[in-house]
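Peer 1: Just passing along the structure, written as structure tokens.
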Amino acid sequence: MVNPDIATADGERHDIPRISLALFLAGFSTFSLIYCVQPLLPEFSVEFGLTPASSSLALSLTTALLALSIVCAGMVSEAVGRRGLMFVSMGSAALLNLLASFAPNWQTLLVARALEGLVLGGVPAVAMAYLAEEVPQRRLGKVMGLYVGGTAFGGMMGRVAMGALTEFLSWRAAMGTLSVVAALSALAFIWLLPPSRHFQRQPGLNLPYHLAAWKKHLQDARLRPFFLVGVLCMGTFIAVYNYIGYRLVAAPYRLGQTALGLIFLAYVFGIFTSSAAGALVDRLGRARVIGCGALVSFFGLALTLADGLPLVIAGISLVTVGFFMVHSVASGAVGRLAQGHKGHASAIYLLCYYAGSSVLGSAAGALWRFGHWPAVAAFGGLMALGVLGVALALRAQDSAAPAALQDAGGSARGSAAVQASRSPVVVASSVSSRSAAPAGRALPSARHAASGRSRR
């Protein structure tokens with residue numbers, strides 16, 4: 001789907017700033033809507049008489065449906081187009097979030113949040129595919145970085161803004177306000193984003209091809225450890241961010257919603273850590289950096305058991321730093337080690353990542369019922385130690401990685417341009433139903449499909 005020759009044929013595009021701003025808004029809107037309920041979980045418990053585990057479903061259901069829709073949305077975009085699908089996803093999510101704010105009961109709110117996760121998958125699954133198709137390669141990194149920055153900023157501000165607004169408004173009014181902002185972002189997005197120039201609509205979903213690609217990656221012993229890391233590191237992170245609020249609004253801290261929301265500014269440390277982790281991998285290797293991140297998270301969890309508020313905040317910050325170290329390295333490793341069909345491999349990683357958020361996040365809530373914060377911290381610590389165990393098992397693989405990458409580079413040299421143009425699309429499960437397979441090893445369904453298709 002992504003052809004670097006087409007993408008750069010027009011020379012310098014004059015609408016790159018519009019594309020950059022549009023995709024920044026898409027990232028901001030999507031992830032602020034996903035995580036806006038996290039600081040509200042204690043409010044939901046009071047409003048609806050819920051346990052922490054039940055309250056966490058407002059986020060867990062969203063991320064669970066998001067994981068499934070990310071896998072499917074890339075295929076759908078091949079048939080219906082990139083730009084329109086992203087706009088519909090953003091607009092529908094804003095409307096569903098608004099409906100959730102008016103929900104008369106807990107069941108209605110959960111249905112709205114689940115549907116919100118389902119429709120939001122159309123943004124991360126498609127945004128990077130659009131960029132890889134439409135932005136010249138020499139400018140792709142910068143524009144992609146702005147999109148990723150928008151997702152991080154949205155994830156942080158969705159949490160912080162909800163905490164601040166709930167101090168002065170009801171949680172319903174706060175969610176409604178964010179929904180309006182998200183709707184305006186969707187309108188600005190469709191106005192700013194130019195129509196696709198290089199997209200070619202394809203009928204059908206070519207499901208056998210995608211199933212074969214996913215099966216191939218699940219059978220790859222080099223990738224499976226990183227899929228497990230995605231589950232465990234996200235489970236640790238969400239366990240802390242979901243339930244630390246319950247501890248801090250109670251005695252002896254009794255923090256208000258504004259102060260509680262500001263706790264989520266610890267997210268900033270993680271954003272900077274992601275950039276530094278890449279440089280550390282070059283010096284230390286993937287296994288060591290993942291292991292260090294797991295240890296940082298483990299010691300951060302231990303600090304959250306202290307009584308002093310500054311120590312608790314320091315612990316949250318360390319957990320955040322450790323999470324971003326692990327996640328950035330693991331997600332990058334999946335994209336680098338996958339032999340062809342990199343978008344499919346990354347989709348599996350994201351499926352595991354959000355499964356950790358939904359399943360393990362809710363499991364931590366059940367532990368709160370029996371042991372409150374010490375039980376949650378212990379559960380998070382076990383998951384961090386699980387990541388450390390995977391890192392230790394990866395030491396042999398990490399030492400052999402240069403030779404493996406050299407072999408992979410030689411086998412794929414004949415199709416390097418096509419693969420390079422696809423590799424940035426790390427969140428689309430199927431940037432194209434015609435993604436290049438490793439040289440000389442096209443999947444049967446892909447080979448059959450290619451026979452009647454002209455090259456771009």
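Using the three backbone atoms N, Cα and C, a Cβ is placed for every residue, glycine included.
Sharing the features that TrEMBL gives for it:
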- 15-398: domain 'Major facilitator superfamily (MFS) profile' (DOMAIN)
- 21-41: transmembrane segment (TRANSMEM)
- 53-73: transmembrane segment (TRANSMEM)
- 85-104: transmembrane segment (TRANSMEM)
- 110-132: transmembrane segment (TRANSMEM)
- 144-165: transmembrane segment (TRANSMEM)
- 171-193: transmembrane segment (TRANSMEM)
- 225-244: transmembrane segment (TRANSMEM)
- 259-281: transmembrane segment (TRANSMEM)
- 288-306: transmembrane segment (TRANSMEM)
- 312-335: transmembrane segment (TRANSMEM)
- 347-368: transmembrane segment (TRANSMEM)
- 374-394: transmembrane segment (TRANSMEM)
- 432-456: region 'Disordered' (REGION)
Peer 1: Applying the under-8 angstroms CB criterion, which one of 110-132, 225-244, 312-335 scores highest with the transmembrane segment (347-368)?
Peer 2: 225-244
Peer 1: Are the transmembrane segment (288-306) and the transmembrane segment (110-132) close enough to be called in contact, which here means at least 3 C-beta pairs under 8 A that are separated by 6 or more residues?
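Peer 2: Counting Cβ pairs under 8 Å (6 or more apart in sequence), the transmembrane segment (288-306) does not reach the transmembrane segment (110-132), since there are fewer than 3.
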Peer 1: Suppose I define contact as three or more CB-CB distances under 8 A, residues 6 or more apart in sequence; do the transmembrane segment (374-394) and the transmembrane segment (225-244) meet it?
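Peer 2: Yes, the stretches contact each other.
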Peer 1: Based on Cβ pairs under 8 Å, which of the stretches 21-41, 144-165, 312-335 lies most in contact with the transmembrane segment (53-73)?
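Peer 2: The stretch with the most contacts is 21-41.
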Peer 1: Report, as numbers and ranges, every residue of the chain located at least six residues beyond the transmembrane segment (259-281) whose Cβ falls under 8 Å of a Cβ in that stretch; write 'none' if there are none.
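Peer 2: Result: 38-39, 149, 152, 155-156, 159-164, 166-167, 241, 244-245, 248-249, 289, 292-293, 313, 316-317, 320-321, 323-325, 327-329, 332.
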Peer 1: Can you tell me which of 21-41, 144-165, 225-244, 312-335 gets the most C-beta pairs within less than 8 Å of the transmembrane segment (171-193)?
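Peer 2: Comparing 21-41, 144-165, 225-244, 312-335 against the transmembrane segment (171-193), the winner is 21-41.
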Peer 1: Average the pLDDT scores across the domain 'Major facilitator superfamily (MFS) profile' (15-398) and report the rounded value.
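Peer 2: Across the residues of the domain 'Major facilitator superfamily (MFS) profile' (15-398) the model's pLDDT averages 89 on the 0 to 100 scale.
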Peer 1: By Cβ distance under 8 Å, which residues at least 6 away from the ends of the transmembrane segment (85-104) in the same chain are close to it?
Peer 2: 26, 29-30, 33, 36, 73, 76-77, 112-113, 115-116, 119-123, 126-127, 130, 171-173, 175-176, 178-180, 182-183, 185-186, 189-190, 193
Peer 1: Find the member of 21-41, 144-165, 312-335 that has more C-beta pairs under 8 Å to the transmembrane segment (225-244) than any other listed stretch.
Peer 2: 312-335
Peer 1: Any residues 6+ beyond the ends of the transmembrane segment (144-165) with a Cβ under 8 Å from its own?
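Peer 2: That would be 20-21, 23-40, 124, 127-128, 131, 135, 171, 173-175, 177-178, 241, 257-265, 267-268, 271, 424.
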